[in-house]
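What TrEMBL says about this one:
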DOMAIN    B:54-164  domain 'Rieske'
REGION    B:435-459  region 'Disordered'
COMPBIAS  B:440-452  compositional bias 'Low complexity'
Amino acid sequence: MSASSTTAGSRGGVVSVASREVTRAEVEEFLYREAQLLDEWRLDEWLTLIEPGGRLEVPTTDWAGWDATTAGYFVADDYELIQARVKRLKSRKAHAENPHSRTHRMVSNVLLLEAGAETVWISANFIIHRYRDNGAYTYVGRYEHVLKVDPDGLRFRLRRAVPVMESMDPGARLSFIL
Amino acid sequence: MAQQTPVRPLGATGDGAMIDEDWEALRFRVHRSAYRDPEVFRTEIDRIWNHTWLYLGHETEIPKAGDFKTRTLGGRPLIFCRDAGGEVRAFFNACTHRGTVLCRHSEGNTKFFQCFYHAWAFSNSGELAALPGDDAYPDDPAFRASMALRQVPRLQIHEGFVFVAFDADVPDLLTHLGPAAHYMSLTAKIGEHGMTTLPGVQLYSVKGNWKLAVENAMDGYHFAPTHNTFVGYLRETGFAVTDDDQYAYDLGGGHGLLVLTGHNGRIGMVWEPRFGDEEKTRTVAKRRELEARLGPELAAEVADASRILFVFPNLLLFDLEALTIRQLEPVAADRTDVRAWQFVEVGEPESVRALRIKTMVSFVGPGGLATPDDIEAYEAVQRGITATADSADPAHDWSDMSRGMANEKQGNQGRSIDEGAMRSFWRRWAEKVGAGTSVAGDPPAGTPAAGPATGGAGK
């Protein structure tokens, strides 16, 4: 089910998970810090935000809620592939990102959708501007993340970026972390 | 130094040729205006896309009566649908009244396509079904018949792959496909219960000429340097990529084939560590199933080797770790839209389906660990070839595809890491668009093999 169809959720931006409260402010802070790490290409630090066993997903633009075991995706990484992706992107031989794209991320409309036993399901909107080779590309979409709630912070169990564009524009590849 | 013959000085061919083939100098080059010039692009649309079979889609994309997809092919908006009687059809997506785009949805299921503008409606087999205010039109069935939805002149299906032609006078599809038909059939035989496309279509666009995408797929030479990080990833999973003893085949008609045995395993057929232990056991059983159903020889041909098949001009069939159908849609000289479908076995276990999707998109597609570097290559070529355009020294405005010509001249099978498959594509291209070709020296005598000997890949 897609998050956009869910109307239930937190009241006042607070949910209870595993005997502690998670606030929208905490989730916003987490997403802003993540955006900063990605924009600054601090990928090793970014990787620590993913729980071992976590997943990274980007569905295709025709996505109608299919999961990555039943339909084509742009990205359907398990944890090993996330690690391989980070290792690749740090290499000078990742030609598509050497030199790195300049990216600039705006994250907003953060909602706490549903609390689980040890997770919180959140959504947020994003706009990412990417610049490379005198080209400018805009990626517009929605995050639908499942965050593991630790006593002292949050980590991604599922990090899903759902593009809302009808297709990837000319030159708008997904060689970076969306 | 493998080259025995002195290399001739570079220079213009003098007769305006776009392909310069020299079997004494062992040089093959393509004039870079072929990727760049809007006039060349218009000629391609006119002489290739308007007069050749084109891959439209797979019939499993529209499994039920009334299912439809809309899709632009060669710049023409089309409706690809299955009519009420179950027949696959292709219509121009324009109302016969004033030309309004008739169906503005990308997919769905319908009995009728109704134009919003004046409410004319057409059945999914094309008849004009509603003509509001028809008292003011001729009271004659011939009038309604003349306003039926325009069908694409030719449509034929091979192994579920639906092709159309905008020219009624093209030869039969199987004639066009030639030996390529066999390789499509091999892929279609993988699944005990058939093969199907999945939803979740990768739609993306590259800032490069469509022929760069064709070259890239037929070019094993780029694999090791371009995909250095992917090869490194495979090495860490316990698989060593090799380019040894792998070959490229000219299938005629501009179609080409790479047969690869050292690049990857094949889910269900050739195990590699990345696929996991459960899949190792299943591979043994699946191979037995293939042999029982197809016989040992055909089973080996289906299963042992990976294949990248190019069907001129717009279909790439990647039969590798898993399968992807890729369609190329030229938009401008410097822009190509790409559509890619996962192609899977009907009825396979959920865990295998999941492995297939994960594995394939980790390699192929704009979010994979490899394709972005291919896209980088097309786009860097498209930008780079402006450097030599219209310069005072025309000698440098050429791209070189000579690799392996000495070997080819000796009558040996071209290797996957040579550029022979690209050369045969370009010869066919030149023939279709009427581009000048300059040939010096004696081309190799004899007909090259249209594919590996039956029962396995390479020799």
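Placement of Cβ uses the backbone N, Cα and C atoms for every residue, glycine included.
Please treat TrEMBL annotations as automatic predictions, because they have not gone through curation.
If you look at the compositional bias 'Low complexity' (B:440-452), the same-chain residues 6 or more away from its ends with a CB under 8 A from one of its CBs are 21-25, 178-179, 182-183, 247, 249-252, 257, 259, 305, 408-411, 413-414, 458-459. When the compositional bias 'Low complexity' (B:440-452) is classified with DSSP, helix, strand and coil residues number 0 helix, 1 strand, 12 coil. Per-class residue totals from DSSP over the domain 'Rieske' (B:54-164), listed helix then strand then coil: 12 helix, 46 strand, 53 coil.
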